[in-house]
């Protein structure tokens with residue numbers, strides 16, 4: 001997102017972010033099935049070796065091919081060498097970017113994203129014990145294949161949501177007499193946060209509990225697709241919004257947002273199976289749907305009062321500009 005913030009204009013940033021996330025999410029769409037095939041027919045260790053190889057490949061490509069986007073046409077290290085002939089170490093605080101979370105805009109949006117993404121985890125983590133057990137699927141490869149509809153929803157939803165957020169920026173700027181309000185981008189999240197995300201997990205609980213056979217499996221796959229679509233309708237515009245309001249700190253605010261969200265999710269994952277075992281699938285999914293709706297409430301607060309909240313605590317908003 002830091003790179004996208006450097007090279008795309010305001011009206012293009014959402015679409016670019018959406019295409020980026022759509023491409024990234026090809027991995028989660030295919031990984032469960034590939035991992036299932038490897039586990040079922042070979043060994044789970046094969047995937048660990050594969051991840052090692054892809055990690056080395058990713059590092060190599062980034063090191064040799066990724067240019068420094070804040071100074072187009074030059075790499076940061078090359079510029080440093082030209083200036084003084086040597087490279088000097090720079091010591092960084094790895095947790096420094098978390099200070100941006102003291103902004104209510106950044107914190108509330110990170111929490112909203114976590115509450116929405118929670119539905120993803122409550123569907124996927126226990127899928128072998130919910131859909132697998134309900135529809136008598138024990139083959140690891142087939143269980144992994146159940147994740148494909150959600151991944152397809154991610155892949156389609158990310159670029160659609162990003163492009164819609166750009167249109168919201170243009171539309172509302174015209175309505176305001178050519179005045180740009182960053183929070184207008186978040187209006188693109190409403191359909192995902194209000195409809196797709198909570199209803200998808202709610203219906204998933206209903207279908208898993210009451211609908212047997214092939215029909216139940218098909219309906220659940222549709223819910224998975226709808227959930228993938230809805231989650232990206234929230235996360236993609238939100239990522240672009242963070243870059244909009246903190247353009248000079250785009251990489252840092254992205255890191256802070258993801259760190260908070262991932263930390264939040266890592267805690268919540270521990271409660272998924274105990275809740276399902278104790279409360280049952282339907283009651284658990286009703287609770288998670290209500291929690292996801294609270295994510296929309298947080299986003300609405302930012303849309304409605306975001307300008308005032310940015311004035312409360314300035315974490316770099318003084319440099320806010322349309323760029």
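In case you wondered, yes, glycine gets a Cβ from its N, Cα and C as well.
The domain 'Major facilitator superfamily (MFS) profile' annotation in TrEMBL covers 1-307.
Residues annotated as transmembrane segment in TrEMBL: 15-34 (among others).
Outside the transmembrane segment (46-65) by six or more residues, the chain places 34-35, 38-39 with a CB less than 8 A from a CB of the stretch. Among the features that TrEMBL reports, transmembrane segment is placed at 46-65 (among others).
According to TrEMBL, the feature transmembrane segment maps to 106-129 (among others).
Counting residues 6+ beyond its ends, the transmembrane segment (141-165) has Cβ neighbours under 8 Å at 14-22, 25-26, 28-37, 39-41, 120, 123-124, 127-128, 131-132, 185-189, 192, 221-222, 224-237, 240-241 in the same chain. Positions annotated as transmembrane segment by TrEMBL: 141-165 (among others).
Marked as transmembrane segment by TrEMBL: 186-211 (among others).
The transmembrane segment annotation in TrEMBL covers 217-235 (among others). Packing against the transmembrane segment (217-235) from elsewhere in the chain are residues 18, 21-22, 25, 112-113, 116-117, 119-120, 123, 131, 135, 146-147, 149-158, 160-161, 164, 188-189, 191-193, 195-197, 199-201, 203-204, 207-208, 211, 295, 299: each is 6 or more residues past its ends and has a CB under 8 Å from a CB in it.
Only residues 6 or more beyond the boundaries of the transmembrane segment (282-303), in the same chain, are considered here, and those with a CB under 8 A from a CB of the stretch are 105, 108-109, 111-116, 118-119, 122, 183-184, 186-187, 189-190, 193-194, 197-199, 201-202, 204-206, 208-209, 234, 238, 275-276, 309. The transmembrane segment annotation in TrEMBL covers 282-303 (among others).
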